[in-house]
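Visitor: These came from Swiss-Prot, pasted as-is:
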| type | residues | note |
| --- | --- | --- |
| COMPBIAS | 8-21 | compositional bias 'Low complexity' |
| COMPBIAS | 22-32 | compositional bias 'Gly residues' |
| COMPBIAS | 270-289 | compositional bias 'Low complexity' |
| CROSSLNK | K303 | SUMO2 cross-link |
| DOMAIN | 39-173 | domain 'MPN' |
| MOD_RES | S3 | phosphoserine |
| MOD_RES | S183 | phosphoserine |
| REGION | 1-34 | region 'Disordered' |
| REGION | 265-308 | region 'Disordered' |
Amino acid sequence: MASRKEGTGSSATSSSSTTGAAGKGKGKGGSGDSAVKQVQIDGLVVLKIIKHYQEEGQGTEVVQGVLLGLVVEDRLEITNCFPFPQHTEDDADFDEVQYQMEMMRSLRHVNIDHLHVGWYQSTYYGSFVTRALLDSQFSYQHAIEESVVLIYDPIKTAQGSLSLKAYRLTPKLMEVCKEKDFSPEALKKGNITFEHMFEEVPIVIKNSHLINVLMWELEKKSAVADKHELLSLASSNHLGKTLQLLMDRVDEMSQDIVKYNTYMRNTSKQQQQKHQYQQRRQQENMQRQSRGEPPLPEEDLSKLFKPHQPPARMDSLLIAGQINTYCQNIKEFTAQNLGKLFMAQALQEYNS
């Protein structure tokens, strides 16, 4: 699966010449305000994404695909999509870039929007803040500034509420990724925190008038709403699994903090040794000067005291961002259930 994610990012760069029209004069980069203020998705695209996961997604395995559409002012309209086929690393003959180009060429022949505007991915209990997603979205957004990534959560959707969110990398993070410098000093200079990594773009799902009429008629004929228990509590398995994933990420964060603290202690110790060495040389030079002897030759301190390599902090930011996502999911889950409990209590007191 990792190879497919890496291929996703590289394919965006390879197809930038084909999809350049999607970026209407914005150019490459990520500076300034966000180029996209709203994402409009056709209902057909949502159904295709859901169908793709139901057919090929299982367990922790995620499904991915390409989003097609166009840009109208500050609104990104997603009108079609197609999936990445499931393949293993043994399929050496499979060329993902060639597959995407063939698909877009076929769509162009039948007069369907074929401009590359992003990609989508399913998630497992909200576990999508990863380095692979960051690298892929950077490749897309660097080639096509308006690109977004749609994150589809099948577990939340199965509970009765469609979970589909659009994300983009913030301009600050785009600049840091361009420099490829994830040292503590670079992230501090860019004022990058886990809250300034991804920006969520509002989503609007659009259907034709005929589809809206059909859905209205089906809703009147459906008896599902009458049988649905509005005050039934959600399964505790979701909460337990999310808490387990949260604890795993907290453990990873603790290990990363230990590594960083070790680096800081070693750096501080080295600075003290360097300062003591300079003082000893200065005292010895003063003694040699008093005896009329020449001072000691200059030495390259960087060779004597090789600076420790600072640990990259991007992984720590990603872990912190994932922890924040888990906390938001737990907050949303518990808020819904607590609301149902209070409503059930009020109804019971009213009927008694």
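Cβ atoms here come from the backbone N, Cα and C positions, even for glycine.
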Visitor: Determine the Cβ neighbour count for S183 (phosphoserine): the number of other Cβ atoms within 10 Å of its Cβ.
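Guide: Around the Cβ of S183 (phosphoserine), 14 other Cβ atoms lie within 10 Å.
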Visitor: Rounded to a whole number, how many Å is the Cα of S183 (phosphoserine) away from the Cα of K303 (SUMO2 cross-link)?
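Guide: Cα of S183 (phosphoserine) to Cα of K303 (SUMO2 cross-link) measures 22 Å after rounding.
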Visitor: Within the domain 'MPN' (39-173), what mean pLDDT does the predicted structure show?
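Guide: Summarising the domain 'MPN' (39-173) by its mean pLDDT gives 85.
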Visitor: Determine how many residues of the region 'Disordered' (265-308) DSSP places in helix, in strand and in coil.
Guide: 30 helix, 0 strand, 14 coil
Visitor: Determine how many residues of the domain 'MPN' (39-173) DSSP places in helix, in strand and in coil.
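Guide: Helix (H, G, I), strand (E, B), coil: 49 helix, 43 strand, 43 coil.
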Visitor: According to DSSP, which kind of secondary structure is S183 (phosphoserine) found in, if we only use helix, strand and coil?
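Guide: Coil, per DSSP.
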Visitor: Using a 10 Å cut-off, grab the number of neighbouring Cβ atoms around the Cβ of the residue listed as 'SUMO2 cross-link', all chains included.
Guide: 7
